[in-house]
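Undergrad: I'd like to ask some things about the structure below.
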Amino acid sequence: MSFATADLCDAHEDQLALGTLRVLEPVFHLFSRAGCFSGEAVTLKVFEDNALVRATLEEKGAGRVLVVDGGGSQRCALVGGNLAQIAQQNGWAGIVLNGCVRDTLELNEVNVGIAALATCPRRGQKLGTGERGVAVQLPGALVRPGEWIYADSDGVLVASAALK
């Protein structure tokens, strides 16, 4: 599906006013060759630990978007080239990460959309801590499981339901 978040905002101003369509703060950068991505949100809340991220991406994605609240930490990466490959193999549409990525040259080779705050070469821990299926607070909006994510180079949108 090809779209522009700017056009979606223009077409759904009523939902913006109601709060059923929200815009994340402009702190996310795209780190893959996918120009835009969208899908139903699967949420995780972790901190400097990517074991739950890996476990989730190893499941069938079915065109969904993994939304990870990494607490905004920029001390380590939660997603890198290996996890991006796993996400692509399992049919995930994208990843929105309130945290860092690494292996950016490898990320540029995958067709999974990846939006994150920044890069960091250090890997995250693998302790298995965190929560799945909870509402997560990202910069600018709360994201609930089952809501819809739309992302491109202009920004990231969160919609209560799929946009037509």
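From the backbone N, Cα and C atoms, a Cβ is placed for every residue, glycine too.
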Undergrad: Besides G80, G81, N82, L83, which of R102, R122 does Swiss-Prot list for that substrate site?
TA: R102
Undergrad: Between L83 (substrate binding site) and D103 (divalent metal cation binding site), what is the CA-CA distance rounded to a whole number of Å?
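TA: The Cα atom of L83 (substrate binding site) is 10 Å away from the Cα atom of D103 (divalent metal cation binding site).
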Undergrad: Are there any residues in the same chain, six or more apart in sequence, whose C-beta is under 8 angstroms from the C-beta of N82 (substrate binding site), and if so which?
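TA: Result: D103.
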Undergrad: Looking at substrate and its recorded binding residues G80, G81, N82, L83, R102, figure out the farthest C-alpha pair and report it in angstrom, whole number.
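TA: So the binding residues stretch over 10 Å, Cα to Cα.
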Undergrad: Give the sequence-ordered set of same-chain residues, not counting G80, G81, N82, L83, R102, with Cβ within 8 Å of the centre of the Cβ atoms defining the substrate site.
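TA: Apart from G80, G81, N82, L83, R102, the close residues are A77, V79, A84, Q85, V101, D103, E106, L107.
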Undergrad: Just name the most isolated of the binding-site residues G80, G81, L83, R102, D103, going by other Cβ atoms within 10 Å of its Cβ.
TA: G81
